[in-house]
Amino acid sequence: MSRQLSTVNVNTQRNKGLSLKLDLQSYTLIIALVLIAVIFSIFTEGEFLSSRNLSNLFTQMSVIAVLAVGMTLVIVAGHIDLSVGSLVGLTGGIAAILQVWYGWNTFSVVLVAMIIGAILGLWQGWWVAYRAVPAFIVTLGGMLIFRGILIGLSKGQTVAPMSESFKQIGNSYLPYLLGYILALVSIVFLVFWTIKNRSKRMKMGLMIPAAIVDYGKVAVYSIFILLITYMLNRYYGIPVPFLIVVLLAAIFIFISNKTAFGRYIYAIGGNQEAAALSGINIKRNILWVFIIMGGLSGVAGVLLTSRLNAATVSAGNMYELDAIAACVIGGTSLMGGKGKIFGAIIGALIMASIDNGMSMMNIETFWQYIVKGFILIIAVWIDIYSKK
Amino acid sequence: MSDYFIAGGEKGMETFALEMKGITKDFSSVRALDNVTFSVRKGEIHALCGENGAGKSTLMKILSGVYPHGTYEGQILINGKEVQFKSIKESQDAGIAIIYQELALVGEMTVAENLFLGHEFMRSKIINWNKIYAEAQKWLNQIGLDIDPETKVKELTVGKQQLIEIVKALTKKADILILDEPTAALTESDVEILMNLLNDLRSKGVTCIYISHKLGEVMSLADSVTILRDGKTISTDSIENVTEDWIITKMVGRELTELFPYEPHPISDEKILEVKNYSVFDENGKQIIKDVSFSLKKGEILGFSGLMGAGRSELFISLFGGFKGKKTGTVLIDGKPTNIQKPADAIKEGLAYVSEDRKRYGLVLGMDITKNTTLTALNKVMKLKVIDEALEIKSTQDITKKMNLKAPSLEAAVGQLSGGNQQKIVLSKWLLNDPKILILDEPTRGIDVGAKYEIYKIINDLVKQGVGIIMISSELPEVMGMSDRILVMSEGRITGEFLREEATQENIMRCATGGKKRVQTTINS
């Protein structure tokens, strides 16, 4: 909660209570994540939090995390996308086919995968926005259609192997020095941004939180960034897929908080009729949400194909449900209008942690499904319960 | 006050159907009700008045078991016997039925199904549909409602649905009926049916608690009135002993020297809006606005009066570009022809439209105050296409301060605020755009007297700055009290035009009813 409370005819006592409550709500997720980490660390004798495992964990969560970023926008806008799993498979498959069978270079196939994802997103968005077919139906159709196209194009075969440079996307690491430089740059940016923000608010005569609160937060974030970078650098360095997730998350957090498009998505999901009468173009904004979701599915498809070094007909199967679950665990409301990308990333991390931790404990795979199912239900229950 | 209790006392305790004594209810640190006493005689219609937040709803929630026994202090007696409701069910079993503003009917089900929902007639565990429909018909006949019990509820008007809700309560053998703002969404003819029904029920001995902001209704319908203010009982009296002004004074706790703070102001000759031969068709091609022409001058308050369903809202939503159907005619703004196809076009032309249904069309209830306020004017708080948060908060702070908004913080979700404060946010949101023409559709519906007065003040300030205001209002005193000029609509046409000085309730109503015979007794407020 970096925003301070500005007040109009306020009762200060109530104000304090409110800010505390808000903070608690957004920290519940972090607490849950820490709890999961502690439990797995105990059962794996600390191995869960080792540099090697953290590196694996962040790489494993990357595909779902990329999808969850887009899915947050879709759900906030009041819709759903069930086709992303198939779209991941299709875009990844097309990239593999173009490279393995037709010898295209890596840059071209990545670009094509993203563009095809965006075009198919546009196609679905058109049905939802301009033809008023419910997104559930359109994307359920898309789920079947895209999987069908993938099976047709690949003739049911596994397409492999990818070129060395394509493999790099999902399997390489940043050099140690570059990792530290990036960490430092982001810390400098954080400090600079906080100072600028405070001085601007001061100039406008707005209330600002005590310096210790603001800079305390900066200090905590900085330590956290350095710690993660250090831990990952103790192994091979920051995994490139994780860097892609962080970059995409940063871009879309910025878009959702700081641009008119982002704001409009929340308004449309919150109350479409009021948004329309406020002069917001509902159809065009919804169309863009689906284009973005499609494009991000393309990115996820490339990541997955690269990590597996192959495209299979079943690639990405059920990923839409993992992505939706990540959003929901992260506090996104399926009713629309409410949700945060940061929350969805944490949600994806929680889901990946459960897979990862349980397999480290040599628990049979079927338990992962059961536990994840329960966590999804309980997360939503906590969310509903905390509102009462 | 004493008069009321003496009258009851003469006949002894048993004449009170309901007594609530020394009711105190706290919400964490806020005291919502403070030693409230509320007594209702058997078979009377007892009005409960108070500004929003005075504690009316809280009191009724205690009575209906929403807040169970033990969460409040005090005593409730029904027919002289103490009761302790632990749930809504227990309160219902004791014969208390509450009819909320938001109706609790299932739209896809028929009238009969709704009437007996939850207590269907059974024959060995199988629903006896014939009996349900026969019983439903019997009840409808008894009330004098000409509705087929097989009609789906969603096909009825809101007013008829409200009546069905009352019948439903009666089928459950309710002795005490609580109506919360029942006429807020009713057409005049439905109000009339409702009034007749309530009068009829009174003669049959049903006790009724009537919560309403419309004091005209209270004066013509109720036998007694209790006034709450700031969680305290201010007064209980027989209706013969009080006047509308007296009720208002007690409600707000201060003398409102004038209900409508109209101030004479200069009106320029410059026409900022001219509408010529404007017609609107709905999606099925039916013409709902018929060849309407009018103009609005800079700094003028133009009132639009008429009965509900006259087409006023449709006319202005269409002018604003928010109506789905086809339209024909010419619209000039500042003398220049326009082509408004969507709300964004209208906003660019300097129009602003404050809807009659702020929760549905005006606000995103889950969003905070700041984000709602800047929604239509984001470009004013953006730099290089990026929202400047500090500037956004500053703009919101400035405009809401002018509106005298009362809120815990600008980060509060607007859904938590009272109707009056929500309306101030809708106004803030549109004023942030500096509109030339402000269309207010029922600007004071469902908000308390104090907030109403503040909104009238804001209207006055705006016309002084040269804004042209169109005020659609179904409350005759309001439209007459605030407008410079009044247009009256009936069935999609403009049927009358009056200058402020010429307007009387009678001549406006004559135009509003389009010359057709229409009973006027219930139309005032």
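Backbone N, Cα and C define each Cβ position, glycine as well.
If you look up TrEMBL, you'll see A:24-44 (among others) marked as transmembrane segment.
Under the heading transmembrane segment, TrEMBL lists A:56-80 (among others). Sequence-distant contacts of the transmembrane segment (A:56-80), counting only residues of its own chain at least 6 positions beyond either end whose CB sits under 8 Å from a CB of the stretch, comprise 88, 128, 135-136, 139, 170, 232, 239, 241-242, 244-245, 248-249, 252, 256, 265-266, 268-269, 272, 285-286, 289-290, 292-293, 295-297, 299-300, 303-304, 307, 316, 319-320, 322-324, 326-327, 330, 332-341, 343-345, 347-349, 351-353, 355-356.
Residues annotated as transmembrane segment in TrEMBL: A:100-123 (among others). Sequence-remote contacts of a segment are chain residues at least 6 beyond its ends whose Cβ falls under 8 Å from one of its Cβ atoms, and for the transmembrane segment (A:100-123) they are 83, 87, 90-92, 94, 142, 146, 159-163, 165-166, 169, 287, 290-299, 301-302.
The transmembrane segment annotation in TrEMBL covers A:135-153 (among others).
Within the chain, the transmembrane segment (A:173-195) has long-range Cβ neighbours (under 8 A, six or more residues past its boundaries) at 55, 214-215, 217-218, 221-222, 225-226, 229, 232-233, 235-240, 243. Residues or ranges marked as transmembrane segment by TrEMBL: A:173-195 (among others).
As annotated by TrEMBL, transmembrane segment applies to A:207-230 (among others).
Residues or ranges marked as transmembrane segment in TrEMBL: A:236-255 (among others).
Taken from TrEMBL, the feature transmembrane segment applies to A:286-304 (among others).
TrEMBL lists A:366-385 (among others) with the feature transmembrane segment. Under 8 Å from some Cβ of the transmembrane segment (A:366-385) lie the Cβ atoms of residues 28, 32, 325, 328-329, 331, 333, 347, 350-351, 354-355, 358-359, all in the same chain and six or more residues away from its ends.
Long-range contacts of the transmembrane segment (A:286-304) within the same chain, counting only residues at least 6 positions beyond its ends with a Cβ under 8 Å from a Cβ of the stretch, are 62-64, 66-67, 69-71, 73-74, 77, 79, 81, 84, 87-93, 95, 109-110, 113-122, 124-126, 128-130, 169-170, 241, 244, 248, 261, 265, 268, 315-316, 319.
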